[in-house]
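**Student:** One structure coming up, written as structure tokens, with questions to follow.
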Ligand SMILES: Nc1ncnc2c1ncn2[C@@H]1O[C@H](COP(=O)(O)OP(=O)(O)OP(=O)(O)O)[C@@H](O)[C@H]1O
């Protein structure tokens, strides 16, 4: 079979959130006609298994070009390790670290971090989440794991809690919430460093770190101490939150950490009875901040009672209603984040996890 027309068609396929097509990006591994089926295998260096649905839209055309009766796609995810943005020493086994921050408290940063982590897992990645929010470590509750505790069999390292298919550790597991909330910068960042490096994460493609809200010393020290690949800023559309989101972007830029984008939470309210959408906190703010500061607006989430209810019940929306429009919004954000990291980053060798005994 002459592969060239198929390759040429694939080379014209570029999902909106990819910076390159699969052929010029080097993702195409095999292309062959097996009896009357066209077999195409791709290896993606970032989590995006949902891309198969878009690829399938090419099936008819590819069958016509090749004479095949069906197309069999094989998509394997082998996440690349990308260069870290700072000098902090990497964590063996952890390929990429995504810091989730917000300039202001209560905007839904932890909700976003947890749903993002679950969405990355649904896109085919091995994922962990580290709750570094000293002011309100809420991840254990959100994952329905508040009774769980990381265990240690050697007194030096601990195994993370596993919930909803991801690994998790939290400052909340280790100290009382009231104790952590009064910590000053050095104590909080020391605790973060310890929990990051003493957890046996194993091999992870992405570790999502939920930072404490704000742009003060604690956040700055933490951002520098974690071997971060890129950061996200969560905001709501109110002017006060947006002003703080801008401070967040500046904070990361000051320490050389790329801002992967802004996520606008509680963007609008959709009436559950009639479907009418209302922008309770103003409109277009997230986009304005993103445009002015030259970062992508990665997505907008509605103010929706289900998001809150699912969190309180310990099963975040991405897992509670995986086919719903909210889960789809998080999956879309996760795909953009993963692709954005890869296409703007520089691949470096992966260091695999080995447990020292
Ligand atoms: N889009 C949303 N729709 C409805 N409720 C939401 C939404 N996002 C978050 N919430 C709810 O708002 C509350 C605060 O969310 P969350 O804890 O994620 O905020 P945060 O920014 O991490 O807060 P903190 O700054 O205290 O860490 C939670 O009860 C959560 O369930």
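FYI, residue positions are counted from 1 along the chain as it appears here.
Heads up, the Cβ atoms here are built off N, Cα and C, so glycines get one too.
Annotations in TrEMBL come from automatic prediction, not curation.
Pulled the feature table from TrEMBL, pasting it below:
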| type | residues | note |
| --- | --- | --- |
| BINDING | 103, 104, 105, 106, 107, 108, 109, 110 | ATP binding site |
**Student:** Fewest other C-beta atoms within 10 angstroms of its own C-beta: which of the binding-site residues 103, 105, 106, 108 fits that?
**Tutor:** 106
**Student:** Looking at the binding-site residues 103, 104, 110, which have a C-beta within less than 6 Å of some atom in ligand 1?
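**Tutor:** Only 110 qualify.
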**Student:** If you count other C-beta atoms within 10 angstroms, which of the binding-site residues 104, 109 is the most crowded?
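**Tutor:** Result of the Cβ crowding comparison: 109.
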**Student:** With every protein chain in view, what's the tally of Cβ atoms within 10 Å of the Cβ of residue 110 (ATP binding site), excluding that atom itself?
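**Tutor:** There are 25 of them.
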**Student:** When DSSP is mapped onto helix/strand/coil, what comes out for residue 109 (ATP binding site)?
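**Tutor:** The three-state answer is helix.
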**Student:** Neighbour count, 10 Å Cβ-Cβ cut-off, for residue 107 (ATP binding site): what number do you get?
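**Tutor:** I get 24 for this one.
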**Student:** Can you list the residues of the same chain, besides 103, 104, 105, 106, 107, 108, 109, 110, whose Cβ falls within 8 Å of the ATP site's Cβ centroid?
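**Tutor:** Near the ATP site, beyond 103, 104, 105, 106, 107, 108, 109, 110, sit 102, 213, 234, 235, 236, 241, 265.
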**Student:** Looking only at DSSP and grouping its letters into three states, which state does residue 103 (ATP binding site) belong to?
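**Tutor:** Note: residue 103 (ATP binding site) is coil by DSSP, not helix or strand.
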